[in-house]
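Please read the structure below before turning to the comments.
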Amino acid sequence: MQVSSLNEVKIYSLSAGRSLPEWLSDRKKRALQKKDVDIRRRIELIQDFEMPTVSTKIKVSRDGQYIMAVGTYKPRIRCFDTYQLSQKFERCLDSEVVTFEILSDDYSKIVFLQCGRFVEFHSQHGHYYRTRIPKFGRDFSYHYPSCDLYFVGASSEVYRLNLEQGRFLNSLQTDASESNVCDINPVHFLFAMGTAEGKVECWDPRTRNRVGLLDCALSSVTADTEIDGLPSISALKFDGALNMAVGTSTGQVLLYDLRSSNPLIVKDHHYGLPIKSIQFQRQLDLIISADSRIIKMWNKDTGKIFTSMEPEYDINDVCLYPNSGMLMTANEAPKMNIYYIPVLGPAPKWCSFLDNLTEELEENPESTVYDDYKFVTRKDLENLGLAHLIGSSLLRAYMHGFFMDIRLYHKAKMMANPFAYEEYRREKIRQKIEETRAQRVQLKKLPKVNKELALKLIEEEGEEQQVTRKRKQKNLPSLLKDDRFKVMFENPDFQVDEQSEEFRLLNPLVSKISEKRKRKLKILEELEAQEQEEEEEPEGKASDAESSESSDDEKGWVEEVRKQRKLLRQEEKVKRQERFKEDQQTLLKPQFFEIKEGEEFRSFKDSAKKQKLMKKTLGDRLKLEEKLGTLHVSDTTVGSKQATFKLKKSEQQKKQQEAEKQHRQERKTLRRSASHLKSKRGRGRLFY
């Protein structure tokens, strides 16, 4: 638990502390709690009080038993039971939730305003009904006496949906182009809406007429405030029958008395960020206002700061638990923060033990997540020689890598590279020496990679500098000093291969271009000298000379390219001859093929015959079968064709038939011999 203090007000962050990985077993968690003091002092007030990625809105039911939060990704709502200190249910939704409202005392009736203009109703069992509004909605409020839902958004109209009749009613036509927020007074049920033009319109739901208009944009600008554009209304909240707080997109909070058009007090957050949430704390007459960076508590009568909180992540919503000192926030992070401020009030009934704990707590800095584990990729494991551990209990798969024990990682790293520290020390010493050398007079040294290209650039740069000095122009930035091309002269992978085909074909062109540049520079220098001497000469001479020289250069370049192509063809021819000689020298070894059991090898001709037969048409195959006698085609009385065919027997079936035939012959011979012996014995007895 983390403790902070501002203006002698102690704030206890109940969600601060180390997060244990989900895949750890209960036994390892208990062992860590025994060893680590931070984990032992960590308080998990509500189990799994978080969202997968981001939480956007958080609210408490009127009976105080359920805390509901919506977030992404995927869009979902989670309901937490404070009596059980755990999650009660979770429901996934089709689209992201802009805002939601709890209509009942518990979780049995909920309304969601979603991004795709959908309004979704949930009951105790789950999804109940879904409808759609004409324009994209930004906020809505529930009018209890008439059971009407008022929707505001990207339209000048306020849409009304009656939940008793189950139909849309006539909408309210406003003067605003768009509306951002709305609220209904809990005492006299006055409907107020904040517009994009920085105005607040108040409507009477009974007569459906506008009864008031406040220009908050003009009132928010004071002598101390600095704004870039027209402030719009980003937050709106009623307090009692007469007070109303308005938050602007430029970071100001205005407190109004409904009987006056001028604000009672204007409070600036000095961050220039839109106000996200406004809450009232009646016991101490405080206003709790929050933008995405800070939560400020200040007195509504004097405007004096009471205390403030700056969470680690951006704030999306703030919820004050009723009649207590507990504050909950929805953030741009998976974990939702819970703060306990004893000065604001006692702890809720379901966590009354906090009052005893806060007396003994001390300040503890927040530690990083997964301190005992190191994240490594598959490439890191191969470098450390631990790739064989993949799939074992020592590595836990996570995203594109693995988590491993930090002690095992350090041991493996020391064994894989025992001199890593010495190399690191030498590199640091070298960097410091180079930093000191940078202060000395620098000599022009060629880089290690692409020396010829660098030399060429330096020469061209010197020539261009001479021309620019004479013309009094600004020098162009050097290619060698440009950070975008720095790697080209440091990394060996960018070394120009002068033996490649592309370079050999382009090199004549590059060399001719550099020669052209030099000639042009000489011509320009001659022209400038002639102008200084005030001697007039026809411009055609220089152009004729230049055109004749350019034509000669083009001819020379074409000849050079043809020459290089001829050399490349000769080299390819030599390579082909060498490959041919190597192929001739290599001896072809016989290949052996295995035949399956029960099959006989006849020849490769049979397979060739089968392939040829398969390529023929059905008619040709039928004619061939008729010739062989295995197929007989005849006409019937109806006029159709009748085909009778004999199935070809496989080799195994033929062998089986031959074996059966041989067996029958053997049995016949045995029977004949047996009958012959019997007849001989009978004759012998009679004769005797």
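Keep in mind that glycine also has a Cβ here, set from the backbone N, Cα and C atoms.
In TrEMBL, annotation is done automatically, which means it is predicted and not curated.
Sequence annotations record features per position, and here TrEMBL assigns compositional bias 'Acidic residues' to 528-538. What TrEMBL lists as compositional bias 'Basic and acidic residues' is 648-663. If you look up TrEMBL, you'll see 664-688 marked as compositional bias 'Basic residues'. Sequence annotations record features per position, and here TrEMBL assigns domain 'Nucleolar protein 10-like N-terminal' to 1-364. According to TrEMBL, the domain 'Nucleolar protein 10-like second' annotation covers 369-417. For 482-508, the entry in TrEMBL reads domain 'NUC153'.
In terms of DSSP helix, strand and coil, the domain 'NUC153' (482-508) has 17 helix, 0 strand, 10 coil. Same-chain residues lying 6+ beyond the ends of the domain 'NUC153' (482-508) with a Cβ under 8 Å from its Cβ atoms: 447-450, 452-454, 557, 560-561, 564-565, 567-568. Across all of the domain 'NUC153' (482-508), the predicted model scores a mean pLDDT of 75. Counting residues of the domain 'Nucleolar protein 10-like second' (369-417) by DSSP class, helix then strand then coil, yields 21 helix, 13 strand, 15 coil.
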